[in-house]
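Participant: One structure, pasted below without further comment.
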């Protein structure tokens, strides 16, 4: 077993991690940092109600909490006091699950040599979630109590209660599936951004560009999905070859445009009426 901040080299000797996270590592950390923020925004919107004027301020507060938590997490990571972190390079999926590879030399006694081979990509996420939770509990209840005038007493804290549920879920997700998320997160972002955009536009009955321009909120949601979609494309391509990868960002608006151009042909009432006439 190696001390924290070290991993074994090819000769099975513990060496200190002196490298820096590459671009893909930062994109992974950015994805894990976005998860609680997106969930905060979703539940704030879900429970705020149409008449509440406090939703925007809560959105800004959630962004502030997650941003401060991310900065503090980087500052307390080695080297302390710097926004840079030193790390070990991820070589394969098994690096994330060293606890599954404890040897048993005589098939009786297990030698426990579990350590963080992907330092600090595994534990830094837990530290970040802890700071997010602490900052939320310090700031949000006071804010909500003062400004959530459009909600009842039982409803105004529901977005905070939701966070108390999803933070443990995110923690378990990172503990069990951190390595899988590391390799799959770009595709998860693309699929989720496509599905949620289609569901939102369908639920909001958006069938044309005019419907989008009626409410500013719809444009904000659309641009947010485009940003996520761009993040997924950048994560997959890693922008290693700019002349080849940058043109891929032109595909970002394609799903929304395809939806708007074909929505009128898939209107359920129209399909039913045409089917009835044909029959």
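Yeah, the Cβs are placed from backbone N, Cα and C, and that goes for glycine too.
Since we're looking at a predicted model, the values are computed, not measured.
Among the features that TrEMBL reports, transmembrane segment is placed at 26-44, 56-76, 119-139, 160-181, 187-206, 218-234, 246-263.
Provide an account of the burial state, proximal residues and distances for the features listed.
Facilitator: Residues of the same chain lying 6 or more positions beyond the ends of the transmembrane segment (160-181) and with a Cβ under 8 Å from any Cβ of it are 28, 31-32, 35-36, 39-40, 43, 46-47, 93-97, 118, 121-122, 125-126, 129, 132-133, 136, 140-141, 144, 188.
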Participant: Taking 56-76, 187-206, 218-234 as candidates, which has the most Cβ pairs under 8 Å with the transmembrane segment (119-139)?
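Facilitator: Of the candidates 56-76, 187-206, 218-234, 56-76 scores highest.
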Participant: Let me check one thing: do the transmembrane segment (246-263) and the transmembrane segment (26-44) come into contact, meaning three or more Cβ pairs under 8 Å with sequence separation of at least 6?
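Facilitator: No, since the transmembrane segment (246-263) and the transmembrane segment (26-44) share fewer than 3 Cβ pairs closer than 8 Å, they do not count as touching.
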Participant: By Cβ distance under 8 Å, which residues at least 6 away from the ends of the transmembrane segment (218-234) in the same chain are close to it?
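Facilitator: Same-chain contacts beyond the flanks: 27, 30-31, 186-187, 189-190, 192-194, 196-197, 200, 204, 206, 211-212, 245, 248-249, 251-253, 255-256.
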